[in-house]
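Taken from TrEMBL, the feature active site, proton donor covers E27. Sequence annotations record features per position, and here TrEMBL assigns substrate binding site to K88, V108, S142, A143, D144. The Mn(2+) binding site feature in TrEMBL is assigned to D140. According to TrEMBL, the feature active site, nucleophile maps to K161.
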Amino acid sequence: MSLTAHIDIHPPVAEALAGGRAVVALESTIITHGMPWPQNDEMAAEVEAIIAEGGAVPATIAVIDGRLKIGLSEGERQALAQRKDAMKLSRADLAFAVAEGRSGGTTVAATMMAAHLAGIAVFATGGIGGVHKGAETNFDISADLDELARTPVIVVSAGAKAILDVPKTLEVLETRGVPVVGFGTDVMPAFWSRGSSLPAPLRLDTPEAIARFQKTRAALQIGGGMLVANPVPQEDEIAAPEMEGFIARAQADAVAEGVTGKAVTPFLLARILEITDGRSLKTNTALVKNNARLAARIARALSAQDG
Ligand code: PSU
Ligand code: MN
C-alpha cells in the first residue's frame, strides 16, 4: 500500500515540496495537550503566520479521523484545538490512531517521523520531551530522544523543558549521537528561562551554519536529527531561580496525585500555568514563535544550499 493511502499533504505544502521551497513542520501535541483553548489555536495560527512571513510554508502535523495530515486547513486546526478526544501520539501509537480512525496531536517524535516521510527537514516546537526527574526509579524517558537519534530532521526548540532532568537529558542525547546546538549561545537554554547552569554542547550563530552542519552530517552518512536550542527572548523569559520554585510545586502535586506516563508532561504544564497565573503560557507562546522564526530561516538556508 502506498503512503497516500494514509497521508494527506495539504496542497500549499505539496506545492512547496515539489518546487524545492522551504517548508517548516509544526507539532500538534502542544495544541491538543500543551495549552488550553483558545490560546492553543491562537498560538498555532500566529506561529503559522510567522513561518509564512519568514518565507517558508508551515505544515502543522496531526492525525484527524485516521488520516495523517501534513499541513492543516484553518478549519481543521481550529476543530482539532477544541477536540476533547484527541490522543497524544508518539512512535508507539501513531499508526494505532491511523488504523483505528482516531484523532490526535503528534509529539515531537511522531512529528519528526511524519515530517521525514513527507520530505520536510526542519521542525519548530517549544521544548522536547526528555529524561524526567526521578527517571532512575520511574524510567520515564521521552521517545523524543530516540527519535532525534534516528530520524534526520532539525528540531528547533527552546532547549529541554525545565520540568525535566536537563543534565540527564543531555547525557542521553550525547550517548545517542544527537548534536545539541546552542543558537548564538554557549549556555543551554531551559525553555522558560534563557539560561541554565549547563553549557550548550555545540554553538552556531547563523541559520546557514546550521544548514551546512546538517548537510555535512548527511554527506558523511551520519543519520539522525539535530536539536537546536534557541533561547527565549529576554523580555519574555521567567528567570531560572524563580521558575525552579514553580516547577518543584507542580512536580510535588504530580507525585501526590499519582500522575504517571503520558499524562505527566501535560499535567505539569497545566499546573505550572495555574501556579504562575498564566505567565508561563505567555512565555511558552513567545518561545514557540521565536523558534518558528528561526526554523523558517534554517529551512530557507537549506533550500538555498540545495541549489
Ligand atoms: N513543548 C511544549 N508543549 C508541549 C510539548 C512540547 O511547549 O506540550 C509536548 C511535545 O509534543 C513533546 C511532548 O514531544 O510534550 C513530550 O511528552 P513526553 O514527555 O510524554 O514524551
Ligand atoms: Mn514520558
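Backbone N, Cα and C define each Cβ position, glycine as well.
Where TrEMBL records a feature, it is marked here on the structure.
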| residue | record | DSSP class |
| --- | --- | --- |
| E27 | active site, proton donor | coil |
| K88 | substrate binding site | strand |
| V108 | substrate binding site | helix |
| D140 | Mn(2+) binding site | coil |
| K161 | active site, nucleophile | coil |
* Output, ordered by sequence, the same-chain residues six or more apart from D144 (substrate binding site) with a CB under 8 Å from its CB, or 'none'. => S90, T107, V108, A109, I128, G129, G130
* Asked: In Å, how large is the greatest distance between any two Cα atoms among K88, V108, S142, A143, D144, the listed binders of substrate?
  -> 13
* Asked: Tell me, which recorded positions from E27, K88, D140, S142, A143 are within 10 Å of K161 (active site, nucleophile) if we use the C-alpha atoms?
  -> none
* **Greatest C-beta neighbour count within 10 angstroms, which of the recorded positions E27, D140** => E27
* Distance from E27 (active site, proton donor) back to A143 (substrate binding site), taken between C-alpha atoms, in Å -> 15
* Structure fact -> Expressed in Å to no decimal places, the gap between the Cα atoms of D140 (Mn(2+) binding site) and E27 (active site, proton donor) is 21
* Could you name the residues, excluding K88, V108, S142, A143, D144, of the same chain that surround the substrate site, i.e. Cβ within 8 Å of the Cβ centre of those residues, in sequence order? => T29, S90, T107, A109, A110, I128, G129, E147
* Asked: Which of these recorded positions (E27, K88, V108, D140, S142, D144) have a C-beta closer than 6 Å to some atom of ligand 1?
  -> E27, V108, S142, D144
* Asked: Those recorded positions, E27, D140, A143: which ones have a Cβ sitting under 6 Å from ligand 2?
  -> D140
* Least buried by Cβ count (within 10 Å) of the recorded positions K88, K161 -> K88
* Asked: Between the residue listed as 'active site, proton donor' and S142 (substrate binding site), what is the CA-CA distance rounded to a whole number of Å?
  -> 15
* **Cβ-Cβ neighbours of S142 (substrate binding site) (radius 10 Å)** => 25
